[in-house]
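> First the structure, which I've put down as structure tokens, then a few questions once you've had a look.
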Amino acid sequence: MSHPGWIMVSFLTELLSQSSKGIAQSLDNCANDTEIINALLKDSYNKHYIPSHPTHVRVDMWVQEVTSVSELTQDFEIDLYINEFWEDPALVYEDMNPCKRNISFDDKVLQRLWLPNTCFINSKSAAIHESPFKNVFLMVFSNGTLWTNYRMKLTGPCDMKLKRFPFDKQKCYLTFESFNYNTGEVRMQWNQPYPVILLKRIELPDFKLVNFSVIAVEQMYPAGWWDELTVAFVFERRYGWYVLQGYIPTMVTIVISWISFYLGPRAIPARTMLGVNSLLAMTFQFGNIIRNLPRVSYVKAIDVWMLSGMLFIFLSLLELAVVGFMSRNEGLPPKVKKRKRQEDDDEGFSWKSMQTSPHLELRQFWVDKRVNSLRNDSAVPPVEDYAPMELEQPYQNITKRREKRKWMSGLRKKWRAMRELRPETVDFYSAIFFPTAYMLFNISYWSFYLTSLSEYFDEDVNIDQP
């Protein structure tokens with residue numbers, strides 16, 4: 001009598017043997033790729049017939065590389081893979097005993113199938129890579145699902161806003177839609193959960209990709225409504241180059257222009273040369289930066305910096321002119337200085353009027369009144385016959401003249417005080433005022449532009465994705 005364990009082992013061995021024979025027989029009888037595609041694409045298949053109304057097309061994108069972002073042409077170049085998925089009931093082959101559940105083909109077979117005819121409608125240029133053959137991939141699944149993949153190089157538009165240049169962020173767009181079919185025939189949608197995938201971290205010499213956003217909208221055309229899938233890439237500018245090549249050199253140039261405050265009022269030629277050279281250096285640095293930028297009509301952050309620096313240098317030249325004017329008599333003999341000072345006093349004499357008492361002015365008023373009456377052959381009435389307002393008029397005129405003399409006297413005192421101010425004093429206060437004002441400007445400038453770098457966009461997706 002056999003042991004029950006051996007009976008069980010014999011049974012399992014026979015079962016495995018029969019299963020292996022069945023699998024081998026099944027593989028021998030399965031339909032290969034050529035048989036399946038020939039059977040599917042026979043005369044009954046019509047590539048112009050829409051699989052369903054509407055056909056739902058799911059789209060996702062793999063970003064391979066961004067090669068450039070240009071301010072002059074306001075566009076960017078990108079290499080990407082675009083994937084499309086849809087179902088075609090005419091291509092179901094599950095009942096054909098296929099050897100594989102999915103079959104891969106090239107673009108030659110793809111041209112024999114119905115396609116949603118999608119494209120990037122806002123691209124400036126687009127091309128499918130050919131290295132060494134056309135980079136088009138087609139996979140047909142046994143349940144009738146199709147997957148197409150194109151490796152493309154595109155040039156898309158960017159919405160350049162340079163008000164914060166070089167501390168700016170730029171947004172570039174690509175819009176994908178079916179060129180031939182409206183929403184009644186083809187519905188487009190992003191493939192979830194990851195409609196856009198970065199194959200690597202995108203970093204350029206002057207930009208880095210920090211965010212992207214996707215959106216799906218319906219756009220109205222004369223022929224109906226179309227689904228549009230838009231992806232927006234957010235690039236943040238790397239401003240280190242501009243700090244090293246623009247901001248720091250201009251700071252040094254402005255500081256050099258302050259050296260003239262310490263050279264003294266007698267070194268006018270050297271101070272003039274220093275100020276003019278600083279202004280020319282600022283102009284050259286400004287032109288070297290903006291020559292690679294578009295000619296926009298608004299003020300950029302770099303413009304504020306450069307123009308403010310030019311203003312500081314120009315004000316230092318004005319201070320030099322004031323010092324030169326104040327020290328124009330320096331080095332002259334004492335007698336010549338005294339004569340010059342006397343001439344200045346004589347020029348200022350025109351500012352003051354004769355000091356007369358109110359009684360003398362009132363007497364002069366009545367004398368003039370009598371003379372005019374005699375010239376007109378008319379009798380001069382006594383004072384009692386004048387109206388009160390007529391008697392108050394000379395006193396009002398006297399008051400106005402006295403106020404005018406007082407104002408002119410104060411102005412003359414200020415002029416004398418300015419004349420007594422020494423050029424060394426002006427240089428001393430300028431050496432304090434200019435660095436302090438420039439430091440306050442720097443605090444305001446960097447606080448405003450560096451704290452307002454963040455621009456918020458709807459549906460932003462962080463690039464750190466699984």
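Positions of Cβ are set from backbone N, Cα and C atoms, glycine also.
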> Tell me if the membrane topology in Swiss-Prot places Leu450 and Glu424 on the same side.
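Topo match: no.
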> Annotation N-linked glycosylation site per Swiss-Prot: which of the candidates Asn102, Asn376 has it?
Asn102
> Test of record reading: of Asn32, Asn397, which one does Swiss-Prot tag as N-linked glycosylation site?
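Residue annotated N-linked glycosylation site in Swiss-Prot: Asn32.
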> According to Swiss-Prot, which residue among Asn211, Asn442 is annotated as N-linked glycosylation site?
Asn211
> Using the alpha carbons only, what distance in Å do you get between Asn102 (N-linked glycosylation site) and Cys158 (disulfide bond) once rounded?
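With distance taken Cα to Cα, Cys158 (disulfide bond) is 39 Å from Asn102 (N-linked glycosylation site).
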> Can you tell me how many other Cβ atoms are located within 10 Å of the Cβ belonging to Cys172 (disulfide bond)?
24
> What is the number of residues in the topological domain 'Cytoplasmic' (264-272) that are helix, strand and coil, as DSSP sees it?
5 helix, 0 strand, 4 coil
> Whole-number Å distance between the CA of Asn32 (N-linked glycosylation site) and the CA of Cys158 (disulfide bond)?
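For Asn32 (N-linked glycosylation site) versus Cys158 (disulfide bond), the Cα atoms are 48 Å apart.
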> Mind checking how the topological domain 'Extracellular' (291-304) divides into helix, strand and coil residues in DSSP?
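For the topological domain 'Extracellular' (291-304), the helix, strand and coil counts are 4 helix, 0 strand, 10 coil.
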> Under 8 Å between C-beta atoms and at least six residues away from its ends: which parts of the chain pack against the transmembrane segment (243-263)?
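Those are 166, 270-271, 274-275, 278, 281-282, 285, 288-289, 302, 305-306, 309, 312-313, 316, 319-320, 427-428, 430-431, 434-435, 438, in sequence order.
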> Taking the Cβ of Asn143 (N-linked glycosylation site) as the centre, count every other Cβ atom within 10 Å, in any protein chain shown.
13
